[in-house]
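Chemist: Copying in the features that TrEMBL gives for the protein in this structure:
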DOMAIN    A:116-387  domain 'NADH:quinone oxidoreductase/Mrp antiporter transmembrane'
TRANSMEM  A:6-26  transmembrane segment
TRANSMEM  A:33-52  transmembrane segment
TRANSMEM  A:72-93  transmembrane segment
TRANSMEM  A:100-117  transmembrane segment
TRANSMEM  A:223-246  transmembrane segment
TRANSMEM  A:252-269  transmembrane segment
TRANSMEM  A:276-297  transmembrane segment
TRANSMEM  A:303-321  transmembrane segment
TRANSMEM  A:342-365  transmembrane segment
TRANSMEM  A:419-438  transmembrane segment
TRANSMEM  A:508-527  transmembrane segment
TRANSMEM  A:554-574  transmembrane segment
Amino acid sequence: MTAFFEALLANPAVILTVGAFVIFFLPRHLACAWCLLVTAFSAIKLYTLGLGEYGALHVFGEQLTTVRVDPLSRIFAVVFHIAIVLNVIYAWGQRDKAQNFAMLAYPAACLGGVLAGDLITLFFWWEMAAITSVFLVWAPGTRVTYLAGMRYLAIQILSGVLLLGGVALTYRETGSFAFDMMGLRDADGAVKISALVMFLAFGIKSAFPLLHNWVQDAYPKSTLTGAIILSIFTTKLAVYSLARAFPGTNELIYIGVVMTLFPIFFALIENDLRKVLCYSINNQVGFMVCAIGLGTINGAAGYAFGNIIFEGLLFMALGAAMHRTGTSKATELGGLYKTMPVTMALCIVGALSISAFPGTLGFVTKGLIIDGAGEAHLFWVWLGLLFASAGVLEHAGIKIPYFTFFAHDSGQRPKDAPLPMMIAMGIAAALCLGLGIYPDPLYALLPDQAAIADYHPYTAYHLIEQLQLLLWAVLAFAILILVKWYPAEVPSTNLDTDWFYRVPGRALMSWAAGASRATWIALWGIFSGRVQALMARVYSVHGPEGEMARSWPIGFMALWTAILLALVLVISFIA
Amino acid sequence: MSDQHEHHSGEEGWADKKSFRNAFLGVLVVASILAAVAGFVPAWRKEHPHFPAEEFGVFFAVWGFAAFMFIVLAGQHLRKLVGRKEDYYEERE
């Protein structure tokens, strides 16, 4: 029992989880300050632990390592703490206890998953992340968000069930719960079923193509702060898991490239700018997945770190506009730069960073991935990633700030963002620029120090390559605007893969429910009819009026006795 | 969630002014040309390019421009295929 509590106390994720439950007993106005305090405790715990394995537990004869801090898990753990702090500051003054609880408990679960040294611990936190995050989807409390939350939960739980299946199969194959490099294929090149199941579990959470649409379905329906928190953690936990278990897996290269490409087109035609950013998550995670496939773990981890900051900044800026105007629709926004200049400027920093302009966090991290594709001599992959980079510029670099703050004048003149939001966005923007100009502190956190030692982002070639790509893409945008070929935003719903389970899938379920009800009624009718007929027959024989219940007169009995005796005599005589 | 605020339309801000737009466009064109020209400076070329395309001085400019044009001009037709009324799902759920 002592070992159990020691294991709990060694885990920063447990500190955050306990802190989250305490929120229910605190006065509402203290919740955010408490969240900051608990996050500070967790960060100190992480720092004092240092690299190593902690929190060993023996369960059913197997040793579990509940905390593993190594260079790969450390960079994710560090950026998760930064993200929690930014979220808490952004949501300062938020009084909703359920959201405040989820604001700590959900990142805690993802942190626990990142620090998990074995598959059982990973599974526990994986499911905790699903359960705690759904409160953020449900937070607005409408029927639409309830249904979206249920769909989200079903998909997340499916991922958890697959993970559990993968864990069981892996244990049967290897006799171990170790969460390490497993690879998709065995020594003979055949796909391992256990690894494939696990791969799918990670794939659902990292939103692989065709499995991606839970992001666009659930995240934009959450609250302002909820959408920001959701956008950060789940997919990055999945990216970490892929980087841990499947580095250098060839299939991931192509899955990643497809992930970077297809969301670009959906983002182009999407009117809801929060949904545009959700497509951007798919696209950005695609870069990380591709990097994992290429074996460029520095690229995946570094870009995950950067993306959490600059994508979060874009979500925050859009959230601030939404807070002031009540909408995130491009058709209803525009012209806000006149009264929200600070938010606009901070949003542009995020946009420049996600587009990977030199001097920003995006530039010093994305280059690791593009260079990785070049060094692998995969021309089409490299070309695809460059194409996707132009796409990022289009939907995240230009569309978000342009339609929110410029474009047509919506006539709205709201105040600039509230101070806590500005502080959070300011810190994020400072990180985007600070680490973009001086990336050494970030590079020191990257898992493969030998590889990063040879990488220099600010070479003349890198700068020219990136500036050519981006400036000429911006020029294309300017021309399209001038000749009025850039498509106008249209209020619409764009179908995506969720259509399959929301329309035909729902119809099929309704039909199946109706058919099973009709079948049951018919079977019950047949059964109860037969039983009633049998009971009627029994009643007719044994009931008060039945043959067997009739009273027999003595004379009748004497007559029958005489007949039977006569029959016996006749038979005896004949015999 | 939205605060009370006034509605004004037609007021010209600094980004709406023609002078700003022209200046922005001018800076963009000059910067784009400079970036393209820089691609031909031998001292700034990549020593060991991974692909022959990288040896072409304006490859990234051409690819960035073409990619952006393609994404916008081809991508907008996707709306015809997948675009539906805004309340499409509300009617069905």
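FYI, residue positions are counted from 1 along the chain as it appears here.
Just so you know, glycine gets a Cβ as well, placed from its N, Cα and C.
Automated prediction, rather than curation, is the source of TrEMBL annotations.
Since this is a predicted model, take the numbers as computed values, not measurements.
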Chemist: Ranking A:223-246, A:252-269, A:276-297, A:342-365, A:419-438 by Cβ pairs under 8 Å to the transmembrane segment (A:303-321), which is first?
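Modeler: So the stretch in question is A:342-365.
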Chemist: In terms of Cβ proximity under 8 Å, which residues at least six beyond the ends of the transmembrane segment (A:72-93) contact it?
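Modeler: For the transmembrane segment (A:72-93), the sequence-distant neighbours (Cβ-Cβ under 8 Å, at least 6 residues beyond its ends) are 12, 16, 29, 32, 35-36, 39, 42-43, 46, 51, 99-100, 103-104, 107, 110-111, 114-115, 225, 228-229, 232-233, 236-237, 240, 243-244, 297, 301-302, 304-305, 308-309, 312, 316, 319, 420-421, 423-425, 427-428, 431, 445-447.
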Chemist: For the transmembrane segment (A:342-365), could you work out the same-chain residues 6 or more beyond its ends whose Cβ comes under 8 Å from its Cβ atoms?
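Modeler: Distal contacts: 280, 284, 299, 302-303, 305-307, 309-311, 313-314, 316-318, 320-321, 336, 389, 392-393, 396-398, 400-401, 404-405, 416-417, 421-422, 425-426, 428-429, 431-433, 435-437, 439, 442-443, 457-458, 462-463, 466-467, 470.
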Chemist: Among A:33-52, A:252-269, A:276-297, A:508-527, A:554-574, point out the range having the most Cβ pairs under 8 angstroms from the transmembrane segment (A:223-246).
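Modeler: Between the candidates A:33-52, A:252-269, A:276-297, A:508-527, A:554-574, the best contact partner of the transmembrane segment (A:223-246) is A:276-297.
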Chemist: Among A:33-52, A:419-438, A:508-527, A:554-574, which stretch has the most Cβ pairs under 8 Å to the transmembrane segment (A:100-117)?
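Modeler: If we count Cβ pairs closer than 8 Å to the transmembrane segment (A:100-117), A:33-52 scores highest.
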Chemist: With pairs fewer than 6 apart in sequence excluded, do the transmembrane segment (A:33-52) and the transmembrane segment (A:252-269) have three or more C-beta pairs that lie under 8 Å?
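Modeler: Touching, no - the transmembrane segment (A:252-269) and the transmembrane segment (A:33-52) miss the threshold of 3 or more Cβ pairs under 8 Å.
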Chemist: Which residues of the same chain, at least 6 past either end of the transmembrane segment (A:419-438), have a Cβ under 8 Å from a Cβ in it?
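Modeler: Here the qualifying positions are 82, 85-87, 89-93, 306, 309-310, 312-313, 316-317, 319-320, 323, 342-343, 346-347, 349-350, 352-353, 358-364.
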